[in-house]
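Listed in Swiss-Prot:
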type: ACT_SITE; residues: Cys174; note: active site, acyl-thioester intermediate
type: BINDING; residues: Arg76, Gly77, Gly78, Glu79, Val80, Thr81, His82, His83, Ala143, Ile144, Gly145, Gly156, Phe157, Ala158; note: substrate binding site
type: DOMAIN; residues: 34-212; note: domain 'BPL/LPL catalytic'
type: SITE; residues: Lys140; note: site 'Lowers pKa of active site Cys'
Amino acid sequence: MSARAAWLVQAGCLDYAQVWAWQRQLQDNRRNNPDRPDVLLLLEHPAVYTLGRGSSLAHLKFDPQHPPAPVYRIERGGEVTHHAPGQLVGYPILNLRHHRCDLHWYLRQLEAVLILVLANYGLTGERIEGLTGVWVEGKKLAAIGIQVSRWISLHGFALNVCPDLAGFEAIVPCGISDRAVGSLVEFCPDVRLEVVRSQVAGAFAQTFELDLQPCSLEQLQAEENLTAIAGDP
């Protein structure tokens with residue numbers, strides 16, 4: 001069987017709220033037309049905190065009325081996390097009916113993608129029983145949080161390549177107080193985010209058996225009739 005075609009959109013550092021709105025539009029489009037191609041968005045965000053749908057404010061070390069960066073409560077599972085430049089974020093908008101209708105399988109597949117990427121650097125990415133994400137030598141390098149509606153996925157994964165980790169000090173990342181957050185640059189000082197982005201795309205295509213076809217952000221906006229949120233330039 002030939003690999004299913006999907007769109008790969010690689011962008012720079014984009015506003016969180018705008019990308020979140022686009023994700024929801026992409027998900028809606030696939031709920032209405034399940035045969036539309038899968039999409040993988042790879043990008044970065046300015047500093048921001050996101051809370052899962054059931055996240056506890058107890059994991060914030062700052063006053064929510066005066067946050068150090070914007071805070072959003074979103075649809076994904078999991079506790080609070082932090083995004084910042086230098087962290088590669090991946091948002092797969094997949095119709096899992098074309099893959100497997102199994103959320104546990106999907107989470108493990110996302111972990112497998114990141115483990116493959118880390119192997120390029122001679123690092124052994126590890127899973128921890130009962131938790132979601134990927135660790136290297138006890139440090140969490142990748143976080144995962146998803147939402148699925150009618151088997152169309154939303155949100156995804158974040159790999160710390162070379163971000164300023166100071167932003168994580170203002171929270172209990174993912175609600176896990178006894179495990180440190182780390183980044184790829186700590187283990188590989190010469191790592192470059194654009195190289196990692198390409199490696200993530202390759203590992204994703206391999207793991208999900210997809211033919212990822214480059215698609216510019218402008219093409220995606222036109223194909224999917226994506227709209228800007230109020231106040232976006």
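Any Cβ shown, glycine's included, is placed from N, Cα and C.
Spread of the substrate binding residues is 16 Å (greatest Cα-Cα distance among Arg76, Gly77, Gly78, Glu79, Val80, Thr81, His82, His83, Ala143, Ile144, Gly145, Gly156, Phe157, Ala158). Least packed by the Cβ count within 10 Å, out of the binding-site residues Gly78, Gly145, is Gly78. The average pLDDT computed over the domain 'BPL/LPL catalytic' (34-212) stands at 95. Separating the Cα atoms of Phe157 (substrate binding site) and Cys174 (active site, acyl-thioester intermediate) is a whole-number distance of 13 Å. Secondary structure at Cys174 (active site, acyl-thioester intermediate), as computed by DSSP, is helix.
For Cys174 (active site, acyl-thioester intermediate), the same-chain residues lying six or more positions away in sequence with a CB closer than 8 A to its CB are Gly78, Glu79, Val80, Thr81, Leu131, Gly133, Lys140, Ala143.
The Cβ of Arg76 has fewer other Cβ atoms within 10 Å than any other of the recorded positions Arg76, His82, Lys140.
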